[in-house]
Amino acid sequence: MKFKMKVVTQGILLCIFSQCLFGILYLFSIWLQPLSGTDVFAWRMLTMIFGLLLILFPTIGCRSLLSLITTTLGKSWTRWVLFLLGTLDAGSQFWLFMWAPLNGEGINIAMGYFLFPLIMAVLGWAWLKERLSFIQKIALLLAAAGVAHELWHTQSFSWTSLWVCTVYPFYYLSRKWMKIPALQGITLDIILISIPCFIYILSQSDTLSLVTQEYRYWLLLPALGIVSAISLSANLKSSQQIPVSIFAVLSYIEPILLFLIAVFVLDNQITTSDYFTYVPIWLSLIVIGIEGLLNKKKVR
């Protein structure tokens, strides 16, 4: 019991850490201008390979990646199809995350990430048969109230919001169901995604010349790869260590950070109505935090 609580606590800390890094990643599309969102996505995938390998080799080694391919996935066509569908899913989400801030879809993406945890929690209950505690139900109801207000206030639902909240949960839940190791899984994902990205970069002569001529890209692009590698591996690892319901509520940290970045960095104005969206979500996070403290005391 004590070991299980230790793993859950570690998963919660990893999830919070990864959500904070996702907030930083959102800024890279702005810092790397005049590169387009698609350019930033392609460079992110290529530089992330090196970041992931820097984590992989000193910790679990290259054999673990080979073991994923030969043993975990093996000769099962079903598992390979499910894995590759997840890879396509992840690739589309990575592209959308970098493309949205520069194409007027920032608010819609934030809405998608607000709905994402709710869909995760419902699917975790329906697909993985995870039970929700009373406190977790209260937290999810609070979060749902905030999201419902935002939907009522904006009265819009774009394709970008729909793509994030309905498609992205499949990636996390399928990997958890298949018991794919987090670091090895995301490394194989990025290797596969980087192949078309490499072809794309080679076809963009203007982008290549810009990156080679401006020294700031020599620092920003490696930083993009390292931050991406750490955030994604930590996030996927945490999703496998904690119940989906807790992971769902903690996932609200990212859209809240995106909101704060929009207000304090991008100078977007906050209205009184916005508080009716964000205060219930903040309260849901506090409720989950209280449950974690209570469970820790019970173990002691």
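Cβ atoms here come from the backbone N, Cα and C positions, even for glycine.
According to Swiss-Prot, the transmembrane segment annotation covers 13-35 (among others).
Among the features that Swiss-Prot reports, transmembrane segment is placed at 45-67 (among others), with the record citing sequence analysis. Residues 91, 94, 181, 183-184, 186-188, 190-191, 193-194, 197-198, 201, 221-222, 224-230, 232-233 of the same chain lie 6+ residues outside the transmembrane segment (45-67) yet bring a C-beta within less than 8 angstroms of a C-beta in it.
As annotated by Swiss-Prot, transmembrane segment applies to 80-102 (among others).
Taken from Swiss-Prot, the feature transmembrane segment covers 106-128 (among others), and the record attributes it to sequence analysis. Below 8 angstroms of C-beta separation, residues 96-97, 100, 140, 143-144, 146-147, 150-151, 154, 156-158, 160-166, 168-169, 172-173, 176-177, 243-245, 247-252, 254-255, 258-259, 262, 266, 277, 281 of the same chain, each at least six residues beyond the ends of the transmembrane segment (106-128), sit close to that stretch.
If you look up Swiss-Prot, you'll see 180-202 (among others) marked as transmembrane segment, on the strength of sequence analysis. Counting residues 6+ beyond its ends, the transmembrane segment (180-202) has Cβ neighbours under 8 Å at 38-39, 41-43, 45-46, 48-49, 52-53, 55-56, 59-60, 64-65, 67-69, 72, 83-84, 86-87, 90-91, 94, 208, 232-233, 236-237, 239-240 in the same chain.
Here the transmembrane segment (217-236) has long-range neighbours at 14-15, 17-19, 21-22, 24-25, 28, 31-32, 40, 43-44, 46-52, 54-55, 172, 175, 182-183, 185-186, 210-211, meaning same-chain residues at least 6 beyond its ends whose C-beta is under 8 angstroms from one of its own. Residues or ranges marked as transmembrane segment in Swiss-Prot (evidence: sequence analysis): 217-236 (among others).
Feature annotation from Swiss-Prot assigns transmembrane segment to 243-265 (among others); the stated evidence is sequence analysis.
If you look at the transmembrane segment (275-294), the same-chain residues 6 or more away from its ends with a CB under 8 A from one of its CBs are 8-9, 12, 114, 133, 135-136, 138-140, 142-143, 145-147, 149-150, 153, 246, 249-250, 252-253, 256, 259. Taken from Swiss-Prot, the feature transmembrane segment applies to 275-294 (among others), supported by sequence analysis.
Within its own chain, the transmembrane segment (13-35) is flanked in space by residues 43-44, 97-99, 101-102, 207, 210-211, 217, 220-221, 224, 227-228, 230-232, 234-235, 237-239, 241-242, 247, 250-251, 253-254, 257-258, 260-261, 265-266, which lie at least six positions past its ends and keep a Cβ under 8 Å from the stretch. Within the same chain, residues 8, 11-12, 15-16, 19-20, 22-23, 26-27, 30, 106-107, 109-110, 113-114, 116-118, 120-121, 123-125, 128, 130, 132-133, 136, 139-140, 143, 172-173, 176, 274, 278, 281-282, 284-285, 288 sit at least 6 positions outside the transmembrane segment (243-265) and bring their C-beta atoms closer than 8 Å to a C-beta of that stretch.
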